[in-house]
Structures are given as C-alpha cells and as structure tokens.
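Just below is one structure, and these are the notes that go with it.
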Amino acid sequence: MEFAAENEGKSGGGLHSVAEGVRLSPEPGREGVRDLAGAEEFGGGEEGTGLTGIKEIGDGEEGSGQRPEEIPMDLTVVKQEIIDWPGTEGRLAGQWVEQEVEDRPEVKDENAGVLEVKQETDSSLVVKEAKVGEPEVKEEKVKEEVMDWSEVKEEKDNLEIKQEEKFVGQCIKEELMHGECVKEEKDFLKKEIVDDTKVKEEPPINHPVGCKRKLAMSRCETCGTEEAKYRCPRCMRYSCSLPCVKKHKAELTCNGVRDKTAYISIQQFTEMNLLSDYRFLEDVARTADHISRDAFLKRPISNKYMYFMKNRARRQGINLKLLPNGFTKRKENSTFFDKKKQQFCWHVKLQFPQSQAEYIEKRVPDDKTINEILKPYIDPEKSDPVIRQRLKAYIRSQTGVQILMKIEYMQQNLVRYYELDPYKSLLDNLRNKVIIEYPTLHVVLKGSNNDMKVLHQVKSESTKNVGNEN
C-alpha cells in the first residue's frame with residue numbers, strides 16, 4: 001500500500017510540474033492567453049468541468065486561422081474525457097478515502113493537487129489529454145492493491161480460525177507457517193492420556209468388619225491372580241472361585257457365617273450395622289418365644305426327669321447314660337420321651353469322615369429307619385443341593401456306605417465300632433447297646449481304607465487265630 005501511494009504521489013507531482021512549466025504563447029488573432037480564472041468567466045461560473053469556457057475559446061479560435069474541421073473532432077474527445085473525469089475522480093476519492101485516508105492523509109493532498117493542476121491548465125488539448133489519461137492508471141493500481149490487501153486480511157483470519165479450532169479440539173495439525181512444518185503431536189498426547197488413566201495396583205489391605213469396598217477393585221486374597229467375586233461374611237476375605245473359598249476356610253478354620261456380635265467402633269458404625277443389630281435382637285426374641293411355647297423345654301430338667309428317661313430307655317433295652325450338668329454333650333442333648341406316642345425323639349449326630357462334614361438331626365423318632373434318616377443327605381434326588389455338593393463323594397460311590405457306632409466303655413487303646421443295619425429302625429439298632437446322652441453315627445464308604453475296626457471283624461479274626469493254634 002505504501003508503494004502504491006508513493007507511485008501515485010510521484011505521478012501527481014509530475015503533472016503539476018508539467019502544468020506549471022507550460023506557458024502557452026499567444027497565437028495570431030487572439031488577444032492573450034486565458035488562465036483558469038478567465039476560463040471560469042467564459043464558462044459562466046461553473047466549477048469542476050470548465051466545459052462552457054472551452055466552447056468560448058473554440059469560438060475565438062475560429063478567427064485565428066486554424067482549421068475548422070480538426071477542432072470539432074478534438075473537442076468531442078476532450079468533452080467525453082472531461083465529462084468522465086468527475087465520475088472517475090469521485091470513485092477514486094470514495095475508495096481511497098474509505099480504506100486509506102484515515103491511515104495515510106498524504107494521498108488526499110495529492111488528489112487536491114491534481115484538481116488544482118486541472119483548473120490551472122490552459123486550454124491546450126495535448127496537456128488535458130495527458131492529465132485525463134493519468135488517473136485511469138492510478139485507479140487500476142489502487143484497485144489491485146486494495147484487493148491484495150483484503151486477501152491478506154482473509155488469509156490472516158483463516159489462520160487465526162484454524163489455530164482456535166486446533167486448541168479447542170486439542171488436535172495439532174500439520175500447517176506451513178513461515179516456511180516451517182509443524183509436526184503432529186497426536187501420538188504424544190494419546191500416550192500421556194493412557195498413562196494418566198492407568199490404575200496403580202495396590203497391595204491388598206485387610207479392612208475392618210463393616211467396611212465397604214468394591215469387588216472390582218480388589219484381587220483374590222487366596223490365589224492373588226484372579227479378580228475377586230465373593231467375600232466371606234465372617235473374615236471379610238475376598239475370593240475368586242469355590243476352590244479358593246474352601247481353601248481359605250480350611251486355612252483359617254472359618255465357617256463362613258457372619259459374626260453378628262463382632263465389635264464395631266463408633267466411627268465405623270453405619271445404618272447397615274444398626275439394622276443388623278435390630279434383626280439380631282428380633283432373632284433372640286423369636287428364639288425365646290419359641291422356647292417358651294415348647295412344652296418339653298419349658299422347665300429345666302430335674303434329677304427326677306433324668307431318672308424317668310433312664311427307666312424308659314431300660315424298658316426298651318437301651319442302656320442310657322446321662323452326664324452331669326455343665327458337660328458339652330449334656331448341653332447339646334435335646335432327646336426327650338413323648339408320652340402320647342410312647343416313643344423316644346432322639347438327638348442324632350451324623351459324621352461323614354470322607355467329606356469332613358458333620359450334621360445334627362433333632363427330634364428323630366425311634367421308629368424311623370436309618371436310610372430315611374440319611375436320605376436328605378446322600379440321596380441323589382431328594383438331598384439338599386448344598387449338602388449334596390459337599391457330600392458328592394458319598395453320592396457318586398457305587399459300593400455304598402456303612403453306618404457305624406462307637407462302642408462305649410472300652411479300653412482307651414481299643415476303639416471298636418458297631419455296624420448298624422440301615423434297613424432297621426433306630427430303636428432296633430440301639431437295643432442292647434450303651435448310649436451316652438445321644439447316639440453318634442459314623443457314615444463311611446465301603447471298602448475305604450480306614451482305622452475303624454468293626455466288632456464282628458474282630459470276633460472273626462479271633463476265631464481264626466484260635467483255629468490256627470489248635
């Protein structure tokens with residue numbers, strides 16, 4: 001833009017110098033040289049065009065001896081160019097003043113100088129033709145430079161918009177800026193984001209009872225390789241599978257039952273703990289109410305009742321022995337005699353050595369067979385699914401099971417067992433035997449190598465030895 005303005009100033013200055021240096025000599029038949037003021041008088045006071053003054057000069061030239069045929073042709077050309085000059089000047093002034101006058105006031109002064117040159121010039125056709133031709137060249141240069149300047153502004157705006165989009169989207173693109181190429185940094189940003197999103201693995205921490213923690217954020221505390229899926233309600237250890245659950249129960253001797261009376265500090269006491277305590281009190285009240293309604297457990301057992309139990313057992317051929325109060329078996333025993341049905345309801349303990357399981361059956365009538373007693377445990381169809389899973393060694397066995405009962409009042413080093421008939425009733429199997437508090441039945445697999453020696457096997461071995469000696 002500055003270069004265009006300098007060229008324009010030079011061209012305007014040249015016109016002014018040419019106009020000042022030209023001094024037209026008087027021609028024959030004319031009174032003298034008329035300057036621009038005289039042209040205004042001949043033109044009737046019109047400013048800007050001077051068309052009337054030129055016409056009067058042409059009339060004066062008719063008497064001067066010039067060719068009358070050439071002058072009208074030149075006047076028509078001059079008229080058209082002079083008529084077009086104000087419009088061209090207005091367009092140039094409008095564009096220049098709107099875009100560049102505020103920043104560069106010198107251009108406005110040069111336009112004013114051109115107007116003065118136009119007014120001070122003589123009526124010479126050659127000078128006027130040179131003046132009128134000059135502004136057309138200036139107009140084209142100004143238009144071209146103005147267009148270039150607007151394109152530069154649009155390119156700058158586009159670059160600013162691209163940079164804003166680049167920062168907003170957090171994506172760096174390859175762009176040519178000052179002849180240098182900016183490399184893409186997408187991969188670098190992605191690596192940083194991935195590093196930030198990684199979760200650091202922390203060693204397992206034993207949280208107190210009642211503490212909540214998401215299972216997805218912990219590992220199995222038994223194997224330490226898989227993701228935790230279960231949590232033991234008692235010891236709060238995390239496990240991933242059934243083998244890990246069994247392993248942790250065997251190692252820690254945990255029964256998997258939540259301890260409802262475990263200590264919880266005030267800081268860790270939550271609404272869930274309050275609800276658990278409330279339900280525990282409800283269970284205690286329900287148990288107390290159940291005992292109060294039970295006719296047989298309503299009163300404490302007196303010595304008279306103990307003698308009554310022994311006498312009834314003796315009548316059925318059972319030698320029943322009762323322990324003093326305070327012994328564990330005495331507390332556990334729930335055996336009673338039903339006077340209406342005239343039968344015993346026994347407290348029976350069932351032990352499964354091959355599965356290391358132990359169960360208790362209460363109020364078992366003495367007329368019930370042993371097979372009926374074992375059906376809820378080892379029957380493939382009628383047994384409980386949880387118990388069946390634990391006793392699957394007995395269910396899958398094709399050899400069957402043996403029911404044994406320990407012989408009481410034997411020497412300490414001699415442990416022998418009775419083999420019971422599973423098809424007979426409990427009363428028939430207990431006759432002529434000694435029972436301490438309640439019967440304990442050992443269910444073992446046939447043919448398994450164990451240290452349990454049955455009584456009839458001992459008798460057969462003794463008879464063989466006697467025969468060999470004879």
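From the backbone N, Cα and C atoms, a Cβ is placed for every residue, glycine too.
Just one residue in Lys153, Lys329, Lys464 has SUMO2 cross-link written against it in Swiss-Prot, and it is Lys153. Residues 220-254 are the range that Swiss-Prot records as zinc finger, among 220-254, 395-429. Checking Lys143, Lys156, Lys198, Lys368 against Swiss-Prot for the annotation SUMO2 cross-link singles out Lys143. Per Swiss-Prot, the SUMO2 cross-link annotation among the candidates Lys186, Lys340, Lys459 falls on Lys459. Considering other CB atoms within 10 Å as the measure, the emptiest surroundings among the binding-site residues Cys220, Cys235, Cys240, Cys244, Cys254 are those of Cys254. Under DSSP, Cys244 (Zn(2+) 1 binding site) is assigned to a helix (H, G or I) in the three-state scheme. When the binding-site residues Cys223, Cys232 are compared by the number of other CB atoms within 10 angstroms of each CB, Cys223 has the fewest. In sequence order, Arg219, Glu221, Thr222, Gly224, Thr225, Glu226, Ala228, Tyr238, Ser239, Ser241, Pro243 are the same-chain residues whose CB sits within 8 A of the CB centroid of Cys220, Cys223, Cys240, Cys244, the residues recorded for Zn(2+) 1 being left out. The Cβ of His248 (Zn(2+) 2 binding site) lies under 8 Å from the Cβ of Glu221, Thr222, Cys232, Cys235, Arg237, Ser239, Cys254, each on the same chain and at least six residues away in sequence. Each residue in Arg234, Met236, Arg237, Ser239, Val245, Lys249, Leu252, Gly256 lies on the same chain as Cys232, Cys235, His248, Cys254 and has a C-beta within 8 Å of the C-beta centroid of that Zn(2+) 2 site, without being one of the site residues.
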